[in-house]
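Annotated in Swiss-Prot:
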type     : residues : note
ACT_SITE : His475   : active site, proton acceptor
BINDING  : 9-38     : FAD binding site
Amino acid sequence: MSNKNKSYDYVIIGGGSAGSVLGNRLSEDKDKEVLVLEAGRSDYFWDLFIQMPAALMFPSGNKFYDWIYSTDEEPHMGGRKVAHARGKVLGGSSSINGMIYQRGNPMDYEGWAEPEGMETWDFAHCLPYFKKLEKTYGAAPYDKFRGHDGPIKLKRGPATNPLFQSFFDAGVEAGYHKTPDVNGFRQEGFGPFDSQVHRGRRMSASRAYLHPAMKRKNLTVETRAFVTEIHYEGRRATGVTYKKNGKLHTIDANEVILSGGAFNTPQLLQLSGIGDSEFLKSKGIEPRVHLPGVGENFEDHLEVYIQHKCKEPVSLQPSLDIKRMPFIGLQWIFTRTGAAASNHFEGGGFVRSNNEVDYPNLMFHFLPIAVRYDGQKAAVAHGYQVHVGPMYSNSRGSLKIKSKDPFEKPSIRFNYLSTEEDKKEWVEAIRVARNILSQKAMDPFNGGEISPGPEVQTDEEILDWVRRDGETALHPSCSAKMGPASDPMAVVDPLTMKVHGMENLRVVDASAMPRTTNGNIHAPVLMLAEKAADIIRGRKPLEPQYIDYYKHGVHDENEGAIEVKPYAK
C-alpha cells in the first residue's frame, strides 16, 4: 500500500541500532506519528543466522543480511580493498555483529566534551543514558555504574573454558591487572565481557526496542524500503521518497532523522546537497549547505588475530567440524543452550601500550578457538586466538558519493596505517599481545604461534603482516560528527542533533560520534540514541551522575582490580 500524501511527525531513515531506539522512544508520545524506514528485510524470529549467537559469522558477506561494502584500494595496506559488513536487516548491524557490549572508557566522553558547546556529552551526562538502556545480569543490584532495568539484557561472559582463566592470569603475570567489569569502575585490565545475549538468543536493538513497540498504533515500520530522496523547501526537509517492491512512495514529514549509519548517512547528506560545495558541484549536485565535514573524519578500528596451537583438547575447535554442527544446532533449537548459545567473545581486556598513555589504547578479545571472522578455521586440532588492535588511531578516512545515483555505493577509504603514530601503536600492540601469550600461565596450552608465526619479528615485518592480514573490527564512525558551529568540520549540532544550517533534519547514529570510543561501538550508539531521543522530544535530560572512575596516575594502580594468585605450575 502506498503512503503517498500520508504525513508523519517523525520519519526515521534506518531501522538499525539508533533507529530502533528512536522508533521506540519517539512513539512513546501517543500524539506523534512515527515512521521507521529500513532498507533491509525483517529480522525474523525463525532466522537462525540472526538469532543464534554462534552463527554470527554466517551473515557477513551474504547479500540477504549484509550490504557488502568494501573500501577503495587502501594506499597504506598494499593497495588492498578491505571488506566491511553492514547489517541489511531490521536491527542493522546489531543483528549481525559480535554482540559484545562495551561502553568505552569514561575518558572517551571527557574528550567528547572538551570543545565549547559539547559540555553535555561528558561521562557524567552520558552515564545515566547507559544505565537507562542496560539490564546487567552480571552486576550487583547496588552497582551504581550499571543499569538494572533497561531493555538491553546483558549476559556476563561465564569464561569457564580454562583457556580464558589462563589468559587472564597471563595478563597479570605480564604486569597488568584483572578487572571485574570493563564497563564499571575500572576498564583497564582483563576480565569477562558483557554480551547482548539473552536466554541463548541475540539481543539486537530491534529485539530490545523496536519489536516491543510495534503494537503501538502510532508507530509504523516499513522494511525493504530504500530511501532514494529527501525533499526540501529551502533549509527545511519536507518528506522523503522511498522504493519498495519496485514502486516509489512519497510521504510528508515534520522532521526527518537520519539513522542510516556511518556509511549511509553521509551518503544521503551528500546526495541532498549537504557537504563540501565544490565536491558536490563536481558530481552535478546543487549545494544546499556547505559542510565540508560530511563524509570526512572517518574512523574505524583495524584488528588482527594472533593464533596459537593448543596442546590440550580444551578449545572449541572441534565445534567447527561440519559433522558436529547438526547436533549443536539442534541442541540450540530445542534448548537454547550449548556451543551455539554463546558468541564466545566471553572475555578480553584493555591495556596501555606504554607508560606515556593516560588510559587504555589497546583492546583484546580472546577466543578459545582459532578461526577467522569468515569462518575459515586454522588447520589445527585445537587452537586459540586473541584479537588485538589500537583504539585511537589518528589515521582518518573519507566517504564520497560517486554519482547522483542513490543505489551506487560510495567511495570509501579509511587510510589505515597512514601515520607514524598509527604504525608505532600497531607494533606495540603486537609486542604486548605476544608478551601476554608467552607467559607461564599459558604454558600448559601453548603449542606455538600459528599466525603471524615466529618468522615475523622486526617492526617492519610486523607492519607488513598487518598490511596483509589486518581486518576491520567493524566499528566505522564519526563521518558526520557532532560539534559546535565554530568547528568547520562539524556537521551536527550537539544540543539539538540537527544538521548545521538545517531546520528539521537531524542525525542520530554512529556517524555523529565526534571521536571513536575505546571498544566496540554498539553500546555508545545506543546511548547516543537514548540521549538524542530526549533532546528531540524536548524532555528534561536525565540528571548527570558525577561518579569517580579509575584513572591511571590518579588512583592506586591496584584500585578496583581483582587480586590474582601467581600461576604455579
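Cβ from N, Cα, C; glycine included.
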In whole Å, how far does the CA atom of Leu37 (FAD binding site) lie from that of His475 (active site, proton acceptor)?
23
Is it possible to get the count of other C-beta atoms within 10 angstroms of the C-beta of Ile13 (FAD binding site)?
27
Report, in whole Å, the straight Cα-to-Cα distance of the residue listed as 'active site, proton acceptor' from Asp9 (FAD binding site).
31
Might you list, by sequence position, any residue in that chain lying six or more from Asp29 (FAD binding site) with a Cβ less than 8 Å away from its Cβ?
Asn218, Arg537
Least buried by Cβ count (within 10 Å) of the binding-site residues Asp9, Glu33
Asp9
If you run the three-state DSSP split on Arg25 (FAD binding site), which class comes out?
helix
Counting other C-beta atoms within 10 angstroms, the emptiest spot among the recorded positions Arg25, His475 is Arg25
In this structure, which of the binding-site residues Val21, Leu37 has the fewest other Cβ atoms within 10 Å of its Cβ?
Leu37
If you count the other CB atoms within 10 A of the CB of Ser17 (FAD binding site), including all protein chains displayed, you should get 32
According to DSSP, collapsed to three classes, what secondary structure does Glu33 (FAD binding site) have?
coil
Sort His475 (active site, proton acceptor) into helix, strand or coil using the DSSP assignment.
coil
